[in-house]
Amino acid sequence: GTPQKYDPTFKGPIYDRGCTDIVCCVLLVVAIVGYVVVGVVAWTHGDPRKVIHPTDSRGQFCGQPGTPNEYSLAPPACGIPWSPHGMPAVTCSPRCPPPLQICVSKCPDRYMTYLTAYGNPTSLEYYRDFCTPEFKNSRKVVEVLKDKECPAMLIPSTPLARRCFPAIQAKKGVIMVGNETTYDDGRGRRRNVTELLEGAKKANVVLETRQLAMKIFEDYTVSWYWIIIGLVIAMVASLIFIVLLRFLAGIMVWVMIVMVILVLGYGIFHCYMEYAKLKGEAGSDVSLTDLGFQTDLRVYLHLRQTWLAFLIILCVLEVVIVLLLIFLRKRILIAIALIKEASRAIGHVMSSLLFPLCTFFLLCLCIAYWASTAVFLSTSNEAVYKVFNESACPFSGHTCKPETFNTSNVTKLCPDAQCLFAFYGGETAYHKYLIVLQFFNVFMFFWLANFVIALGQVTLAGAFASYYWAFKKPDDMPAFPLFSAFGRALRYHTGSLAFGSLVLAIVQVIRVTLEYLDHRLKAAENKFAKFLLSCLKCCFWCLEKFIKFLNRNAYIMIAVYGTNFCTSARNAFFLLMRNIIRVAVLDKVTDFLFFLGKLLIVGSVGILAFFFFTQRIKLVQDTAPPLNYYWVPILTVIVGSYLIAHGFFSVYGMCVDTLFLCFLEDLERNDGSAEKPYFMSQNLRKLLKKTNKGQPDA
């Protein structure tokens, strides 16, 4: 915990250094190689068509090249109202086969039952399009329906994602399917379409979602260039705000402090006036203890004791804030000076504002690889077929092969048995360890994502540290500080970044596991298990926040000194603990300025977008595009503006943190002599009343 000795050879982040945490670097390389192997294996065995394309009852894909049948039709079967997704809606017993699913060339557009179509050649020819290839119209109705060669009923349907969904719509509050409110069940009875509604409820939600998505897409097609203009305005506003912080940071902070004092002062005055006004009124002198708890909180506002309590609380807050200002005024001035210095540093390293795009691109690569690997792993299962029958059979539920089923002993012992597609699965070693591979995929995603973020942080820290430790700013800075810092990070400190990101990834995976267990235990009644799980979730959330804070400052020390991760984390932690009050003041001041900046940028751009897209600006009223939902481009501009402002301020925050740590190191290492001069700017030296003896001020 003691200050480090001065190293006369120290020149900031630009000096010879060696590789750190080599073991973690090797471990990361091995893990990446293993991750690539897992991806190759998944891509070899997986088949994303299982996610995109529906299947029929035999597990064959619909809508494949060279096949005429594009859509999957799943009519009601075996007590299951509807299963439009190419998979059974529920788990069926061996005596209840999965719903009949057929690949068809088009979706049905009318009500019809096989019983009514059987006696009409024209209707039967239409019905044939929705039957299996084995269908023969010479067979009896009972045999066709028993062997599931044709659906028992056709319902007007709408195609969506290569699946046929019931064409449900509401007209004047009346539920209709295909412009009909009733349908013939094939037995001479008319039924209400509401009987189909429960089975097709999810399908109706999907259709409504599709219509909403189409309207939103239309809005984007006519407003995308205006959205881009709004985002450009947000980017320019963010840049201007960062530049203005060099001149207005002190004004904004002191205005905020004065406003807080004035607001509290008005609150004290208001509470005193209310307290004095209630004097002598009936019932106002009742104490809070005598009144007890009341659900109507307005009752308390008629008591003098309530306003007296508010008055005392506000007075205490006012006194505490004034005392803090008296004793912390110098630290507040230091925080403001560091914020101004950060604005100057960014002005000399302008490329740093674009560096988050590089981090964003690498994160997108990590997300894309993780998502594609997860899809291929989840679709690596093979089609499993099982024996289904309606009568007693010893082979019920056994796996079977459709190619050899008709010639097997099963059909001899159980004539009514069928070999139908049941689900996707597998019994090989690869299929048994799929869950392990998925877990490894999630873990590697967190590790690589954290590594990318760490690489961005140490690169920015190295660039801004080169600014601080340049005695003559900016003459002593390297020509390309950002690229130099990026090269040093990859060449010497990949292992340290892997170490820090590994620790964080382990904690995040544990948090994900706890969230999964919490989701599974929601229906459980074990209160102790829920309480324990909640405590663990809270503890690991706090641990993750602490590790992120420690890692961020450790990466700054790595960028400056080139030490390994553990040494850097230890030195950064004790350095901050020795200056905990300065840390707290700087953190709150920067948090306020960043909050104010985001509020101003997002709010102003959002209001401008609202007035523009709602055609309330007369000068450009005819320019605004016609929209289905004006909130679509407005929300897009607001979210995009926030992300842009957050990206700019993340760079600014990293700059402030880096300069702050360098400032603390500068104070502990140097004394202003010719051998150990201060590297801080002239403004900071004046603020601290420090001078460099024997050397001119930079």
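Placement of Cβ uses the backbone N, Cα and C atoms for every residue, glycine included.
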Candidate ranges 196-216, 490-510 [criterion: TrEMBL lists as transmembrane segment]: 490-510
Other parts of the chain folded back onto the transmembrane segment (629-649), taken as Cβ under 8 Å at six or more residues beyond its ends: 215-216, 219-220, 223, 226-227, 230-231, 234-235, 237-239, 242, 353, 356, 360, 594, 597-598, 601-602, 605-606, 609-610, 613-614
Cβ contacts under 8 Å made by the transmembrane segment (307-328) with residues that lie 6+ beyond its boundaries: 257, 260-261, 264-265, 267-268, 271-272, 274-275, 278, 288, 301, 581, 585
The transmembrane segment (490-510) and the transmembrane segment (21-43) contact flag, 3+ Cβ pairs under 8 angstroms: yes
Contact set, same chain, for the transmembrane segment (554-577): CB under 8 Å, 6 or more residues outside the stretch: 1, 4, 12-13, 15, 17-18, 20-21, 24, 454, 457-459, 461-462, 465, 469, 485, 488-489, 492-493, 495-497, 499-500, 583, 657-658, 661-662, 664-665, 668
